[in-house]
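Below: the structure, in structure tokens.
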Amino acid sequence: WEFNGSFHQPSAFLMKGIPGLEALHPWISIPFCALYLSALLGNCVILFIIGRTPSLHEPMYYFLSMLAVTDLGLALCTLPTTLGLFWFGARSIGFDACLAQMYFIHILSFMESSVLLAMAFDRFVAVSRPLRHAAILTGGTVLKIGLAIVLRGTASLLPIPFLLRRLSYCGRTELSHSFCFHPDIMNLACADIRVNVFYGMIILFSTVGMDFIFIVLSYILILRTVASLTTREECLKALNTCVSHICAVLLFFIPMIGLSMIHRFGRNLPPLVNSLVAYTYLIIPPALNPVIYSIKSTPIREALLRALRRERG
């Protein structure tokens with residue numbers, strides 16, 4: 001875009017639902033409602049169970065609580081605009097409101113990546129140093145890790161809204177999704193966006209990219225430790241404690257990497273692909289993580305069953 005006029009910012013952006021299926025948005029909202037309900041109820045139940053069960057007051061479940069909080073935040077960030085668009089056709093979102101939504105979506109995404117890395121470290125210590133696990137990951141250490149995760153996400157993304165506000169926008173105001181995403185807003189500008197692109201890539205690779213690399217390294221070390229165990233039962237028991245976390249990592253990183261690549265290099269792909277990957281990235285992990293941990297984690301499943309029995313009694 002070339003623009004020789006004065007500096008301009010739109011009063012609002014227009015959001016888009018699922019391209020080509022606009023007439024079916026009321027029906028499409030049904031599975032979306034189910035996913036949002038699963039995300040809200042499931043993560044609240046996880047937090048309630050861990051808070052009410054003293055035996056679950058351990059590092060693994062503290063990190064799981066952090067994951068549940070970030071999943072709740074992600075669901076709540078996109079729920080109003082997504083369901084508002086599907087139900088009422090509310091496409092408009094104010095410029096400042098869009099920047100605020102974008103900021104919190106990216107903060108929570110970066111925090112979830114960091115929490116998954118902390119959970120990988122917890123699993124590595126539990127498998128390779130089981131006798132020192134409690135001494136290494138004390139309550140104070142877990143609290144410091146949680147604070148570092150929040151500060152890291154908040155500080156690294158703080159310049160993004162200001163970098164977007166300095167741009168001039170003209171012509172197009174239609175976003176690609178029913179929520180605000182940094183590359184999506186950035187590409188609507190008719191000004192030089194090289195600073196935004198460069199800063200976005202640097203932050204993405206230095207945070208989420210490094211988290212993913214360290215998670216992979218953690219599991220390489222875990223597999224080396226498991227391979228040294230003497231019996232098959234010990235190997236299976238050690239690996240079983242990691243299954244839920246591996247599923248959470250795949251659910252989060254595969255759609256996130258896909259969406260980032262589409263926004264930067266996949267402009268010739270059908271809009272429907274972009275839309276589906278985006279919704280998978282932001283809605284599926286918050287909805288499925290509580291289900292995965294409830295099914296695969298025996299202590300959580302047993303605590304949940306005890307709570308249900310008390311309610312019936």
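Every residue number used here counts from 1 along the chain in the order it is shown.
Note: Cβ is positioned from N, Cα and C throughout, glycine not excepted.
TrEMBL labels come from automatic prediction, so no person has curated them.
If you check TrEMBL, you get these features:
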type: TRANSMEM; residues: 27-50; note: transmembrane segment
type: DOMAIN; residues: 42-293; note: domain 'G-protein coupled receptors family 1 profile'
type: TRANSMEM; residues: 62-88; note: transmembrane segment
type: TRANSMEM; residues: 100-121; note: transmembrane segment
type: TRANSMEM; residues: 133-155; note: transmembrane segment
type: TRANSMEM; residues: 197-222; note: transmembrane segment
type: TRANSMEM; residues: 243-264; note: transmembrane segment
type: TRANSMEM; residues: 276-295; note: transmembrane segment
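With pairs at least 6 apart in sequence, the transmembrane segment (197-222) and the transmembrane segment (62-88) have fewer than 3 Cβ pairs within the 8 Å limit; the two do not touch. Sequence-distant contacts of the transmembrane segment (243-264) (same chain, at least 6 residues past either end, Cβ-Cβ under 8 Å): 67, 109, 112-113, 116, 119-120, 123, 181, 183-184, 187, 204, 208, 212, 215, 219, 273-274, 277-278, 280-281, 284-285, 288-289, 292-293, 296-297. Highest Cβ pair count under 8 Å relative to the transmembrane segment (276-295), across stretches 27-50, 133-155, 197-222: 27-50.
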